[in-house]
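Here's the structure, in structure tokens; my notes come after.
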Amino acid sequence: MLKLFSAFRKDKIWDFDGGIHPPEMKTQSNGTPLRQVPLAPRFVIPLKQHIGAEGELCVSVGDRVLRGQALTRGRGRMLPVHAPTSGTVIAIAPHSTAHPSALAELSVIIDADGEDRWIEREGWSDYRAHSREALIERIHQYGVAGLGGAGFPTGVKLQGGGDKITTLIINAAECEPYITADDRLMQDCAAQIVEGIRILAHILQPREVLIGIEDNKPQAISMLRAVLADAHDISLRVIPTKYPSGGAKQLTQILTGKQVPHGGRSSDIGVLMQNVGTAYAVKRAVVDGEPITERVVTLTGEAVSRPGNVWARLGTPVRHLLNDAGFCPSADQMVIMGGPLMGFTLPWLDVPVVKITNCLLAPSVTEMGAPQEEKSCIRCSACADACPADLLPQQLYWFSKGQQHDKATAHHIADCIECGACAWVCPSNIPLVQYFRQEKAEINAIRLEEKRAAEAKARFEARQARLEREKAARLARHKSAAVQPAAKDQDAIAAALARVKEKQALATQPVVIQAGSLPDNSAVIAAREARKAQARAKQAAHPVADSAIPGDDPRKAAVEAAIARAKARKQEQQAGSEPAEPVDPRKAEVEAAIARAKARKQEQQAGSEPAEAVDPRKAAVEAAIARAKARKQEQQTGSEPAEPIDPRKAAVEAAIARAKAASRSSRPEANLSNRPTRAKPRWKRRSPAPKPVSRSSRPEANLPNRPTRVKPRLLRLSPAFRQKKQHSSRLLTRTKWYSESQARLIPITSARHRESCCW
């Protein structure tokens, strides 16, 4: 009884909810065998013909390539593409591809040479001798991808299955109308397909291998049964014709009774599915050593005169294939890549054939019918009854149209297989599949943007954390450096502490001075000398302008005289008991005369005021008088030694001489012309009005500054009369001057006044 139930379950099939039964329209193309198409003069091979990123280019413009030569390198999910024929690479540029919008993708353009030469092929006839990893790598490097429509890399799919696959399903349903590529392939190449299935089973090691095929393919079923007559490792399951029974989730449910969970994959329940075309490509890659360079394409529709299935090279323009099938376009002719339910209309016919191209449908106007106008949804729920994924298409339609992405996601829009059953049964002619495709694309774009934002946020937070760590480490280093100074700093600190302790110890000790010992004031003297040097440097840095105090200032002369007296007194004290060096009086007189001459010369050169004119006769007379006095003194002394002259007295006399010269230069007469003139008598000079002045001021400062008027020669008196008059007036002048000086409280201290007052 148990064996009976096991046998019954072994051949049992299940059903799925929904589905439709559209016209099959398969008899147009499945009645003729596969045929070859002449080579096109030019091939366009897009670098991306699968799900995932494009590979890395390994050819350049001008290279000659052979059929089967790799044009790109495949790493990870990047699947390589190969040259469909021998020729020359003439360009690597963007070109429109198989897409509803004919988007441009980077492509390699090859000019065929017509020779169609293969690369050196190396097949593994005994594939069982190779490891599982080697077989998967060979399948991947030979560019095998899912040929049922998804285009997922087969090697990646086999690698992801691992050891958890218990059931391998070969999809031979081919449920969409018009398409007969798999049907014709199973009729003509059943043995190769079965060998490819065994290679896949060898890699996955599943418990069972199932082939699911619809009952509308009797010739293919008979061919497969003939090949599998003696096989017990592969089971052929014939299922009822129903669209879309060829979907991965629907066929899995039909053959195993298991449902793929929402958002999950078939591998989650231990099932892996491959297409019959993929199995055939695996056989050619492993056993024959041929990369995938061609595939079976159905050319059908009432607009072609010779419909059928052909071996189409990848990269062949669609126009070239349709022309070979006798394409007769009409006005507003459309060409659909794929089936009428899941395919899309091509914008133009220059797009190339790729790995997922299984059908080119060129219907006539009567075949497609007149386009229907889209109307409002009437909530009839026919779409929900026909949906094989148990979704609510009418709700998804409202969410998609209203841009309510969260609600659309909550209603599992990602589980939609875009089979088109809902649009087929819609009485309002609403293109529901187009709305769902657009909504899924927008959701994917939003998720991609959120992913990028999350990655950017993670990078920012990582950067902030790194900066915080660096800041903490830097503060720790600074703190440790502050707590533990460097070796040289420690030595300096220790030396300073030692000096402080030594000073403190000395301060606490009593100061004991021995009798008779001299104190050591060298430090104090050095400090004083340093202060003096600093003061001298400061004074040198800010010198006083020479013009501040004129050189002929009598006060300056008086100061110099006082300084000279002080120096002489100091020299006398230092001399002590030593006798002073005798000074020749003649020499002293000569020096005094020279000093007076220098003073006069300096007086003439100083400032802008003209110096007092010196009478050469008077100078000669003074010099003669000085020489006579010197001779007289020499005669008087005779043989006696010269009396020693006190140096202080000589210095005082020299200072007095300089003071006299300065006082002469300060007189108002110095502003007269340089010619010698006779000075006006003192009694004729007009004295200024008495003014209260301070005791420290000089009488010379109160004299009138205007120049003295000189009388003409004609008005001058005779010498005798003038002498008598001068004598009498001199007495009056002296008396008047003395009384005025006493009234002003001004002491007569200057040399000129002493000379004039000593009568």
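Using the three backbone atoms N, Cα and C, a Cβ is placed for every residue, glycine included.
Listed by TrEMBL as binding [4Fe-4S] cluster 2 are Cys416, Cys419, Cys422; the candidate from Cys380, Cys387 that the record includes in that site is Cys387. Record check: TrEMBL places Cys377, Cys380, Cys383 at the [4Fe-4S] cluster 1 site, and the matching candidate among Cys328, Cys426 is Cys426. In the three-state DSSP scheme, Cys383 ([4Fe-4S] cluster 1 binding site) is classed as helix. Other residues of the chain with a Cβ within 8 Å of the Cβ centroid of Cys377, Cys380, Cys383, Cys426, the [4Fe-4S] cluster 1 site, are Ile378, Arg379, Ser381, Ala382, Pro393, Gln394, Tyr397, Cys422, Val425, Pro427, Ser428, Ile430, Leu432.
The binding-site residues in question are Cys377, Cys387, Cys422, and the one with the fewest Cβ neighbours inside 10 Å is Cys377.
For the [4Fe-4S] cluster 2 site, the Cβ centre of Cys387, Cys416, Cys419, Cys422 serves as reference, and the other residues of the chain with Cβ at most 8 Å from it are Gly18, Cys383, Ala386, Pro388, Ala389, Leu391, Pro393, Ile417, Glu418, Gly420, Ala421, Leu432, Val433, Phe436. When the binding-site residues Cys387, Cys416, Cys419, Cys422 are compared by Cα distance to Cys377 ([4Fe-4S] cluster 1 binding site), the shortest distance belongs to Cys422. Among the binding-site residues listed (Cys387, Cys416, Cys419), Cys387 has its Cα nearest to the Cα of Cys426 ([4Fe-4S] cluster 1 binding site). On the backbone, the CA of Cys422 ([4Fe-4S] cluster 2 binding site) and the CA of Cys383 ([4Fe-4S] cluster 1 binding site) stand 4 Å apart. Secondary structure at Cys422 ([4Fe-4S] cluster 2 binding site), taken from DSSP and collapsed to helix, strand or coil, is helix.
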